[in-house]
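Worksheet for the structure shown next.
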């Protein structure tokens, strides 16, 4: 097997890229109405899947080294390096210890080992910002009131800020914010709570330089789960909360207890059997039985070495006594280790019912922590007693990913903590107090049809473009709400490269056919577009389903979502299907790499003979922790990073859209040069270039105070979306009538007509919903006195004849309904009197040419 580098990865994924290209065009029927209908998305999905499959045949250290290589940043992105001081790390450790409590600290294995860091290694971080935004901010002396703390994902054990920078810079550009990204320690060398301490310290550092109302905290995958754990610690320990939180496909249940994990996922790239790797010193760690056996071999080797070092002559009595005493000490240590392994074996082993039999899983399943801590609330935040009392949250879910059920369950638990709380009989008095103490959390839940896990990873695709817009819109709203001000963000759809890319769109003839085709049933229920202003929260939730075109549709009711129908007692319980799949793959890897595992165990025995560094009593690091297996004779230092051509190319592909969009934005914002016209130049016809420069697309745009264009920017304000009606108001007769009206309009068969106009109850073109103007206009003229004519469709009484248009034909039902709605919304007495049913409508005099029409009338 080749080493994990750019060359080997390229050779491994090239066949997948080529085969996907051919199958994409030769077998398009299964891709219809799927995100994979777009070639870039289809290629990116299969490429990541092939990479993870190839990486599973290498060690964890190789994967970490490959994904943590240095990646140069684009020249139009400003990157500053920062260091989080030790005082914030110490404060973070204190908060985590207070949150864990005495029992939690004992479960973790102590309170010292997880604070250890490599030699001369501090917590580094990066400030990421667009250079254009930095220059504009400095020109106006703006200290920066938009900061995003972003925690990257990677299943807690791989990935880096360099690898995720192309995503972070897109968030920074969309929100016009500064992104602060900590380079936290990764498992399995630094398991829970090492990374949690680093990320919490990063937030405490931001509080020293920023107001909490200027901070939003975001994360993807494992980073999203880390964000939720941090928010719970801040809430319980009385630390200022940020303006909002953004969770992109968060991983919040490490027990894999929800149904979607056991199902097939053809639209996702996460391995269905979990993460498995070639054996190494870091992973997989030996279980308790293997540790006891290896310790026995190490003690035997130690005794053999001592005997070989003794002289052939008979030792003195004093030496014999010393040797006997040392042997007794070693025997006591071995007995202590065996007793500790036996006592903790029951707690660390998972018991799963497989085919009617109880099977004990002795090996560690997740790289982030031991089996005994999988259900801990800070490891699996979905196990928190309550998720109320948090700042507003945006939770984006890929409809095709394995983890979708736990994410949907998480969102509903945040908005309704009491309904999704654990069984009351299992809660302590303190937990019951917390359950009633915190109010529900406002949540915007977006489930994206058939999208994969962390879709923004494929930033060069159209679905990812819409998701970035939703994130920017929510982030701007959360900041505006916390700061009680207006937040201006980019609206670059006109100059977006992805929008106008020929490779990501169909041909002109195909687009014309799509525009003429009848709307699907789902598209008829469209209520907005991804990135639109937030609607009001209903019962502390905004529940949305988003298709691949960015159209927002209503989400299915709770009772139709599998993630909301699971028994609460089953949450956090490992299921038979997932356990069987993991055990089967683990057995295959053990057989395939048995020789590598034997070599690793031999190395462990040698290290045991040399001796490990001891942190003192009551300190028991997990088997995979580097703090517990570093040799006493030397310390571990950081290795120098090298440049990765593979990651640089991937980052370049992901950043290409931002680069071209920035160039187009500069070109569009460039003012047109004005020249003085001489007498000679004023004669004759105008040149074509002169005429073209005055077309609507080339008009000069209004600029803001910082000199940037305002035409591709929009202002986001808090419209009191969270201050919705109370539960009593929501169940009044008026609310019920409104729901019935919506159901009747949705069931009406005439909706498919292109001339259908919904009953808005207003006289103008632009409809209103709950007093808020919707971002579109209706296909009808405004019902005002200046727009009504004698030939207009008007409302008639019940005894009047059918309405006719100017040509004498009976008007369609859509036109009649629109006319009825218009008449009901008109409040001008003179007009109503003139158009009453008792008054005959005078006929207009037609021109002489239209004799046929006059005869018909």
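Even glycines carry a Cβ here, placed using N, Cα and C.
Please treat TrEMBL annotations as automatic predictions, because they have not gone through curation.
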Per TrEMBL, the range holding region 'Disordered', considering 780-818, 819-857: 819-857
Given ranges 589-614, 615-640, the stretch to which TrEMBL attaches the annotation region 'Disordered': 615-640
Region 'Disordered' range according to TrEMBL, out of 464-499, 500-535: 500-535
Secondary structure composition of the domain 'Alpha/beta hydrolase fold-3' (148-261) [DSSP: H/G/I, E/B, coil]: 53 helix, 20 strand, 41 coil
Within the predicted model, mean pLDDT of the domain 'Alpha/beta hydrolase fold-3' (365-415): 95
